[in-house]
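In what follows, a structure is listed as structure tokens, so that the remarks can point back to it.
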Amino acid sequence: MMSKTKVHIMKQNSFMMHLLRRDRSGTFLSDPTNLLLLSFFNHGSMMWGCVTDFFTYETTKSVVVKSWSVGIINRVVQVFIISYFVGWVFIHEKAYQVTENSVESSVMTKVKGFGYHNKYVMDVADYVIPQQGAAIFCILTKVIITENQVQGTCPELRSLCLFHTPGVITGVCLNSTIGNETVGRCESEGWCPAENDHVEIKPMLDVINFTIFIKNSVRFPLFDVTRGNFLSTMSRDEIRKCNYHPVDNPFCPIFRVGDILNYTNQDLANLTNKVGGEIGINIQWKCNLDYDIENCVPRYSFTRLDKPFEKNAISTGYNFRFAKYYMTENGTEFRTLHKAHAIRFDVMVTGKAGKFDTIPTLINLVAAFTSVGLGTVLCDIILLNCLKGAEQYKAKKFEEVSDAQIEASLAHSPVSQLSLKGGIKSSYDSGALSLATSDQAM
């Protein structure tokens, strides 16, 4: 049963065709009023046809292939894609969350302990540089001291002239007696006497018992969440008495230096006696804000940062020089030079926080549903190129229409639209085949 709209259009077209067939002499088309009327009918019919075509529904043509091999491949690919999105994308990577990797962090440190070095008892003010409790600090393990240096000229200690001079070379060669031998030395101008950094000094081995207290606070601006590395369940006495252990006490903010060196598999004698080194303490915040905020806790890890240069013959370990300046009663300035071998600690903070959000969830769901269609693409490639009967599948899947078929259809029924098959009509907006419900019997 045809719709009223289609019946109306067909009546208009039939009326116009009837007028044109009756007008054998051409008098109808010679009248401007009739031409205007004809144009009005044509435009009205076209506009109404566009309106009716807009309110239609199109669906794709499906071809069901009953093949065990192709069906298994299709389902295996779909299961693999779904498992990937569920297991990796949503569960592991938490793609349903909006995340923030930029963390605002503050670190304060405090070292405690006493040790013996060169017959002196060293405390924090002696062996920690700088003393302000920054995120980067050094613990001195061995210090070579050159006392009472003043400005003047003096010979260098070794005959190197160009490579190891305490100051500016003056060009004068000085004779120095070493034992029973007289050797020449280059004269230099600067702080004298020259430094001798080859003396044997016992390192401060007590450093392994020193403790490092770390206070760290972080903030995630996107979520306005602030956290600290002290658990709310830990009392003041518990914090003071605890020592960090990755299994037994993973949230204690107090770290023993000897334990840190053991976690990084470093040789304590090499670090304290010879060259020093650089140790990294990494505090990682990985917070899932969909759960209780108390679950947002730090994780600590340790590494040796200068490991690539550990066996470098040019520059190994970590050492530096600093001086303390004094003034004599007569106004002469002198200094005490220190060459310090130290263990440098860098406290580094990284963070990532995530929370459920609708937009990334929808985006990844759409990507998941779209990716499931890859199974269809793979099966089409197999059916069209690899299996027997590919030509029959092509004939069922693709339908070709030639110009001759279009002209024959128009000549057979000039009033109706292009008919490819009985009851099947083309759509103006996309070219896909659609089934018109008005052509079916009620």
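Glycine is no exception: its Cβ is also placed from the backbone N, Cα and C atoms.
Remember, TrEMBL labels are computer predictions, not curated facts.
From a predicted model like this one, the values you see are computed outputs, not experimental measurements.
Sequence annotations record features per position, and here TrEMBL assigns ATP binding site to Lys110, Val111, Lys112, Thr211, Asn319, Phe320, Arg321, Lys339.
TrEMBL lists Cys154-Cys192 (among others) with the feature disulfide bond. All protein chains included, Cys192 (disulfide bond) registers 18 other Cβ atoms within 10 Å of its own Cβ.
What TrEMBL lists as disulfide bond is Cys161-Cys186 (among others).
Spatially close to Cys242 (disulfide bond) yet at least six residues away along the chain are Met234, Asn249, Cys252, Ile254, judged by Cβ distances under 8 angstroms. Among the features that TrEMBL reports, disulfide bond is placed at Cys242-Cys252 (among others).
The feature disulfide bond is assigned by TrEMBL to Cys287-Cys296 (among others). Long-range Cβ contacts of Cys287 (disulfide bond) within its own chain (separation 6+, distance under 8 Å): Phe220, Val225, Arg227, Asn295, Cys296, Gly351, Lys352, Ala353, Gly354.
For Asn209 (N-linked glycosylation site), the same-chain residues 6+ apart in sequence whose C-beta sits under 8 angstroms from its C-beta are Gly113, Gly115, Arg256, Val257, Gly258. The N-linked glycosylation site annotation in TrEMBL covers Asn209.
Per TrEMBL, transmembrane segment is recorded for 362-384.
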Other C-beta atoms that fall within 10 angstroms of the C-beta of Cys186 (disulfide bond): 19
Cβ atoms near Asn319 (ATP binding site) (within 10 Å, other residues, all chains): 20
Densest Cβ neighbourhood among Lys110, Arg321, Lys339 (binding-site residues), 10 Å radius: Lys339
Pairwise CA distance, Phe320 (ATP binding site) versus Cys192 (disulfide bond), rounded so that it is a whole Å: 19
Other C-beta atoms that fall within 10 angstroms of the C-beta of Cys154 (disulfide bond): 19
